[in-house]
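These come from Swiss-Prot:
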type: BINDING; residues: Cys50, Cys61; note: (2R,3E)-phycoerythrobilin 1 binding site
type: MOD_RES; residues: Asn72; note: N4-methylasparagine
type: BINDING; residues: Cys82; note: (2R,3E)-phycoerythrobilin 2 binding site
type: BINDING; residues: Cys158; note: (2R,3E)-phycoerythrobilin 3 binding site
Amino acid sequence: MLDAFSRVVTNADAKAAYVGGADLQALKKFISEGNKRLDAVNSVVSNASCIVSDAVSGMICENPSLISPSGNCYTNRRMAACLRDGEIILRYVSYALLSGDSSVLEDRCLNGLKETYSSLGVPANSNARAVSIMKACAVAFINNTASQRKLSTPQGDCSGLASECASYFDKVTAAIS
């Protein structure tokens with residue numbers, strides 16, 4: 001995983017060049033939006049349990065066969081595993097959002113995830129739907145539009161960070177579909 005600073009230095013070093021120009025401007029922008037980024041991550045992690053439980057509940061409401069005796073969420077153990085997996089995915093999305101880099105998500109969470117779920121017989125469409133619900137919830141919390149919870153956030157537009165967060169969830173959906 002490379003943060004924004006390490007990425008710039010690594011790229012400049014590979015070119016045997018000084019850090020400057022567009023790279024410095026990108027870092028300046030990253031720093032100036034630092035408080036918003038921290039608040040965005042905080043809004044997601046502060047509501048992680050709510051986001052994950054809403055996603056799993058929504059997935060089950062749309063596909064009640066998941067909790068039937070032959071379903072993938074039947075028994076407390078399987079339901080707990082489903083919630084745990086949602087928490088892990090959300091945690092790695094929050095790491096990516098914090099660092100502004102998806103490599104931690106890709107390397108430590110998504111690598112081999114589809115194959116694991118396939119071998120366990122987990123339906124990809126239900127999984128993708130739960131991730132889609134988590135994405136909508138996280139974006140709502142970042143934009144401070146979640147109906148039940150309003151946080152104090154710095155003034156300004158957070159739509160860029162919400163869009164960045166959404167792109168990380170899109171990577172998860174693509175990896176498991």
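Each Cβ is built from the backbone N, Cα and C atoms, and glycine gets one as well.
Between the residue listed as 'N4-methylasparagine' and Cys82 ((2R,3E)-phycoerythrobilin 2 binding site), the C-alpha separation comes to 9 Å. Across the fold, the C-alpha of the residue listed as '(2R,3E)-phycoerythrobilin 2 binding site' and the C-alpha of Cys50 ((2R,3E)-phycoerythrobilin 1 binding site) stand 14 Å from each other. Its own atom aside, the Cβ of the residue listed as 'N4-methylasparagine' has 23 Cβ atoms within 10 angstroms in the protein chains shown. Taking the Cβ of Cys61 ((2R,3E)-phycoerythrobilin 1 binding site) as centre and 10 Å as the limit, one finds 9 other Cβ atoms among all the protein chains shown. It is 31 Å from the Cα atom of Cys158 ((2R,3E)-phycoerythrobilin 3 binding site) to that of Cys61 ((2R,3E)-phycoerythrobilin 1 binding site).
In this structure, Cys50 ((2R,3E)-phycoerythrobilin 1 binding site) is part of a helix by DSSP.
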